[in-house]
Ligand SMILES: Nc1ncnc2c1ncn2[C@@H]1O[C@H](COP(=O)(O)OP(=O)(O)O)[C@@H](O)[C@H]1O
Ligand SMILES: [Mg+2]
């Protein structure tokens, strides 16, 4: 009897009407389509197309972090390494193989995924060790690419010039497409059996293994997807700015931004990283670029507030406000 | 009296031969050999630190075997990944339950059923483990006893042929104990082989009639539970200085 009673009180969300509206909004296709449409409109209203390209790429990267960190618990500080590898592989394809930009971008994604595969052994490490070792790996990629003795292949420290393949319309379109695809993939994973599997692995890899899950393989797929997203993102970025140096694409700021954007919006949620990236990147461009000192202040403040009041990010904040409104303050 | 031990026809379900599991230089399992027949239920007893959980972990592939061999249903499984071992039909509960905290109770069972070769019906498993009423709850709302049953439910969803139960009884109330004993008994009646790791003899004798006694990573007794209690070596292990069990 007691159990029955608790049953009704503790899980009231099942039959609440308000819930279905949210569920629809979280539909993978809707979550991907709305940002894409906004970008397609925004580009006609707002003249700084490159900023929109960057924002779209950051949305994709934040979703990449969402996939690897949100769903598996592994935080890769060295995420920028895949971004840089993608930019370089695509650039190499354009320069040496004469690939068109869009094809090169996809090849860049393959490059990012391969770089991810190379780092597979790092999954033996846990927590901060994993995070820091990926950082070292990202730096290692940078050191290799920028090494003067490899100038004949990578052009060493002198960077790449992709001006011949430049196409503002295409690179914008692919950046927005990448954002849409990354959101869609993250949302579909979250809804799927695979998403449930990843949650199980994150919660307890031993139990997951006894539940018949191939822990290493299923975790690896998420890692590859996240790495491929970063690879494509880097490729589009390099193509869109058309001239870059190694330090422009192997830049730890890319990791930091993607991680903070994702955390700010709410890891594990679908709208969170999208909104987090759009909002914070917009703020960064209003305040940060001209007044970096204010930006750091605001940024620092946001992170402190986040840790104190919204550890699950914006999405978590919204969820708890919603719950409180529906069930009164006491429900938990 | 008629020996109630299950007859062993043909090859055993599980055959462990000279199993050694080392942690550094320490041999937590020091040459364990045992066989368990199809549908047979046995107890695994021994003082704390004698290697019971290590044996379960090693058979399940969660710890690597340093020496020896493990075969299941005639197939060598030594060194196989734990998910392969689970797929082959071995499962277990954990001494400290290890549920998936970000999934609902039902999803905890579903995720195992999804990956099973022959999944058991999720609703049936939930019903059987008395978790149906809380199926939509998150795991953190469960009592300790419910979390233990959820561990069992997750294992049952895989339709194991051999199930290790690692100290399920500890911390349960007499009523809960009785329910669990009945449930395990019914699994045995359906033909599942059980290895029950347990300290509570009263509980054990309801579920098994044969026991293996483990001390310092070695099996020192194998036979009927009542004989074990009368055995000198076993007496010493349990009543004597158990610290001498560690070398
Ligand atoms: N992962 C591990 N690393 C190091 N030592 C371990 C590990 N697991 C168990 N041991 C050691 O192995 C011995 C047997 O432990 P265990 O199998 O848990 O005993 P039991 O389950 O019989 O109480 C203990 O001395 C324990 O400290
Ligand atoms: Mg133990």
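Using N, Cα and C of the backbone, Cβ positions are placed for all residues, glycine too.
Please treat TrEMBL annotations as automatic predictions, because they have not gone through curation.
Looking up the ranges A:26-46, A:194-214 in TrEMBL, the one annotated as transmembrane segment turns out to be A:26-46.
Sequence-remote contacts of a segment are chain residues at least 6 beyond its ends whose Cβ falls under 8 Å from one of its Cβ atoms, and for the transmembrane segment (A:52-70) they are 35, 39, 42-43, 46, 76, 79, 83, 171-172, 175-176, 178-179, 181-183, 185-186, 189, 222-223, 225-227, 229-230, 232-233, 236-237, 240, 254, 257-259, 261-262, 265, 267-270, 272-274, 276-278, 281-282. Here the listed stretches are A:127-145, A:165-189, A:220-245, A:257-282, and the one with the most C-beta pairs under 8 angstroms to the transmembrane segment (A:77-95) is A:220-245. Outside the transmembrane segment (A:26-46), and at least 6 residues removed from its termini, the chain residues within Cβ reach (under 8 Å) are 52, 56, 59, 172, 176-177, 179-181, 183-184, 187-188, 190-191, 270-271, 274, 278.
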